[in-house]
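Trainee: Once you've had a glance at the structure underneath, I'll fire off some questions.
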Amino acid sequence: MSSLTSLTLKGALDGLEKGDFTSVELTRAHIDAIEAARGLNAFLLETPEQALSMAAASDARRALDAARPLDGIPLGIKDLFCTQGVRTTAASKILEPFVPQYESTVTSQLWRDGAVMLGKLNLDEFAMGSSNETSAYGPVVNPWRKAGSNQALTPGGSSGGSAAAVAADLCLGATATDTGGSIRQPAAFTGTVGIKPTYGRCSRWGVVAFASSLDQAGPIAKTVTDAALLLTSMSGHDPKDSTSLDVPVPDFSAFVGKSIKGLRIGVPQEYRVDGMPAEIEKLWADGIAWLKDAGCEIVEISLPHTKYALPAYYIVAPAEASSNLARYDGMRYGLRAEGSNLTEVYENTRAEGFGDEVKRRILIGTYVLSAGYYDAYYLKALKVRRRIAEDFDNAWERCDAILTPTAPSAAFGLGENSSDPIAMYLNDVFTVTTNLAGLPGLSLPAGLDANGLPLGLQIIGKPLDEGTVFSVAGVLEKAAGFTAKATKWW
């Protein structure tokens, strides 16, 4: 059955439609693959019985000619999405015993469309991290390795479990979230496709909050078409989320394969950062050449406030996190530590329940929101955020989409940057601007570095113009011809 796990999501839908195999067979093949790949630590919780039950229900619908858009497709769910009756931890000790009594909007829409849940995927604790090393349940290991090396590499973060599971053929797609690059950077590190849609395109209801004005759900998948199919199901207005946009959801997969002749593609000069590896420079140049060949006009643009994006992000995001994470006090749900009085219970619960990176961000956030520093830090960061959004507004007068690298390097070794938070934060240098401006951004694999590791290109689009992003991505995917897979060692 291993051939079933190597299918794309679209290929699996076609096979199910033709009757080449059943959803139960497809799901069983993925359950077996997950069991054999526990060394990757991609799944925090496996739900094989529930998966097979959902698959059987899917087969029954298909037999009645009542198949839904994703009927029978086995998916992994990032353990930040609440799943009714299934433990949801956000990869934190403080939520270890938490079983939600409700389903997140995004996952309920996937189940509505017939998808199958294989289990919950590992991540950085509360989605805070760029390497999946902050998880209370251990790091995820990237299925990719450097040529001739056994060194364990990071899959990126925070959606490291989602990216690793898709790259290792453990699921046909996965849900993920992106606050500063947490879909796109792991996709780049694992040779997968990931899209963060426009802020408000997918509901945040039932997704454990990190930074509410930046968080956005999206899919990680094997191909651009697969990502488009998943995003179509995940998107839509939700009255339970006050930031959800009440706009129509197109069939995003219809945009893949469209001609992009005449499109203006912006290339921001500020993204040519010092110390960027020559391989990433070359990949970017290749991407520009491929789009020129497709009939695009390449336009040099300026996003002058880019250099302030990371500092602004690492003020705004921790500030919102310190507020959001105040709810974890041991009273209503999650871990409760012992103490001789109420204050001690609060203090001990949070001290025992949160990991170091989460504590670091709560402290930073509390500091920048404090009376003496609010104006100097938080208010100033909000002004910078507005300037960054204005930079993009000005750029859209000259271009229709923007092409950049996704990350400043290929996957690095586990433990390599964990002692230096600043070095870790620099992984987000190309991705945080789209979160600050609320724009759609997609990463797709476009080449390998000298060590045989995947490298990604990022396409940034206008607000709610995921369609153009998918059209450009489809052309780049075809031109790059990226078919490499991680050599199985697990």
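Keep in mind that glycine also has a Cβ here, set from the backbone N, Cα and C atoms.
Okay, so Swiss-Prot annotates it like this:
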- LYS78: active site, charge relay system (ACT_SITE)
- SER158: active site, charge relay system (ACT_SITE)
- SER182: active site, acyl-ester intermediate (ACT_SITE)
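Just tell me what is around each of these and how deep it sits.
Mentor: Secondary structure at LYS78 (active site, charge relay system), taken from DSSP and collapsed to helix, strand or coil, is strand.
Of all Cβ atoms in the protein chains displayed, 34 besides its own lie within 10 Å of the Cβ of SER158 (active site, charge relay system).
SER182 (active site, acyl-ester intermediate) falls outside any helix or strand according to DSSP and counts as coil.
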Trainee: Work out how many Å separate SER158 (active site, charge relay system) and LYS78 (active site, charge relay system) at their Cα atoms, rounded off.
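Mentor: Computed Cα spacing between SER158 (active site, charge relay system) and LYS78 (active site, charge relay system) is 10 Å.
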Trainee: Output, ordered by sequence, the same-chain residues six or more apart from SER182 (active site, acyl-ester intermediate) with a CB under 8 Å from its CB, or 'none'.
Mentor: ASP124, ALA127, SER130, GLY157, SER158, SER159, ALA176
Trainee: Near LYS78 (active site, charge relay system), which residues of its own chain have a C-beta under 8 A away, given they sit six or more steps off in sequence?
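Mentor: In sequence order, the residues whose Cβ lies under 8 Å from that of LYS78 (active site, charge relay system) (at least 6 apart) are LYS120, LEU121, LEU123, SER159, GLY161, SER162, ALA174, THR175, ALA176, THR177.
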